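Peer 1: Below is a structure I'd like to ask you about.
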Amino acid sequence: MFENSQESRTSLSEYGEFGLIDHLTKNLKINHESTIKGIGDDAAVLDFKDERAVVTTDLLIEGVHFDLSYMPLKHLGYKAVMVNLSDVYAMNATPKQITVSFAVSNRFPVEALEELYAGIQLAADLYKVDVVGGDTSSSTSGLIISVTALGSAKEEDVVYRSGAQPNDLLVVTGDLGAAYMGLQVLEREKEVFKVNPQSQPDLEPYTYLIERQLKPEARKDIPPLLKALDVKPTSMIDISDGLSSEIIHICKKSEKGVYLYEEKIPLDPAVISVCEEFKIDSTTIALSGGEDYELLFTIAQSDFEKIKGNPNFTVIGHMAEEKEGMHLITRANQKIPLIARGWNAMKEKED
Ligand SMILES: [Mg+2]
């Protein structure tokens, strides 16, 4: 992942707010012709011509959304951008610009903010988005970071949560649960470290899980891949809170029911083995863990042949009429209600 390079300490007061912004943003490049004016005026000026603009924002608060004892600042900056870009891809749109705002206490030296910004800049470079504005402020306690992403798409390409139809296939990209289990491993090592600061954890078996937690990648490959396959999802959402709550969002917005098949949920072997180690049910983790930043979408059955066999996609269920309800079909072929947090192992009553 990233190397850490925090040695000297320059006080924030040496720069002042405007000097700090100039210092942190001096290496930023402009990638898009839609960015008419980026940083340097009262507001950015953008021109999406005849495309729809999509806008999304996320707020990350120290102690609530991240823990700096195991989240390096460079990773935090990268992840703060990723969670927003993921929402833009979930609209089947292309992110073009971001704004970045943060509040920090004086305990952070300039070098710490340079690390944070290095992660933001790396994400912006790799995902080709322009940083066009933001704000900095002081905070009396922890670090707060807010990113807003702007993107665009042709009107006919935009995909909402609300378009799923009965019998549409429910499809997910990648695999689920790894980011949550990466967090569990990091939390465990933090507790071990508190007891014995000399301990040198062997995190090698957990590399994939920790990388999914600390350096998630938004699925920028999926909207163009779907286009190339001539598939337009009928609904789409990104997986930030866990599979079950995202499925429920699609069902509620589309006014449909769903059948989700436990045996189809894609899990990496590393997730299965760490769940055994932690004695946690891997299906529960996939359903409720969150932070996977994969995409969940529905497609017409007639499009199945176009995605069949593609390693990026797994069909995990199908939509139904709303009155049929939302169900998980277990490996034991039990039908249980799909709920937003955890799962209810009680067999559903026949109606
Ligand atoms: Mg989302």
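Glycine residues also receive a Cβ, built from the backbone N, Cα and C atoms like all the rest.
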Peer 1: Given that TrEMBL assigns Asp42, Asp87 to the Mg(2+) 3 site, pick the one from Asp230, Asp238, Asp241 that the record assigns to that site as well.
Peer 2: Asp238
Peer 1: Please work out which residue of Asp58, Asp87, Asp241 has the most C-beta neighbours within 10 angstroms of its C-beta, and give that one of the binding-site residues.
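Peer 2: Answer by Cβ density within 10 Å: Asp87.
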Peer 1: Hey, how far is Asp87 (Mg(2+) 3 binding site) from Thr56 (Mg(2+) 4 binding site), Cα to Cα, in Å?
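Peer 2: Distance between the two Cα atoms comes out at 7 Å.
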Peer 1: What's the number of neighbouring CB atoms sitting within 10 A of the CB on Thr56 (Mg(2+) 4 binding site)?
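Peer 2: Around Thr56 (Mg(2+) 4 binding site), other Cβ atoms within 10 Å: 21.
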Peer 1: Tyr117 (ATP binding site) to Thr56 (Mg(2+) 4 binding site): how many Å between their Cα atoms?
Peer 2: 20
Peer 1: Fewest other C-beta atoms within 10 angstroms of its own C-beta: which of the binding-site residues Asp42, Asp135, Glu291 fits that?
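Peer 2: Result for the binding-site residues Asp42, Asp135, Glu291: minimum number of other Cβ atoms within 10 Å at Asp42.
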Peer 1: Cβ atoms within 10 Å, counted per site: which of His65, Arg161 has the most, among these binding-site residues?
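Peer 2: The residue with the most neighbouring Cβ atoms within 10 Å is Arg161.
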Peer 1: Within the same chain, and leaving aside Thr57, Asp58, Asp135, name every residue whose CB is within 8 angstroms of the centroid of the CB atoms belonging to the recorded Mg(2+) 1 site, in sequence order.
Peer 2: Leu59, Asn84, Thr99, Val100, Ser101, Ile145, Ser146, Val147, Thr148
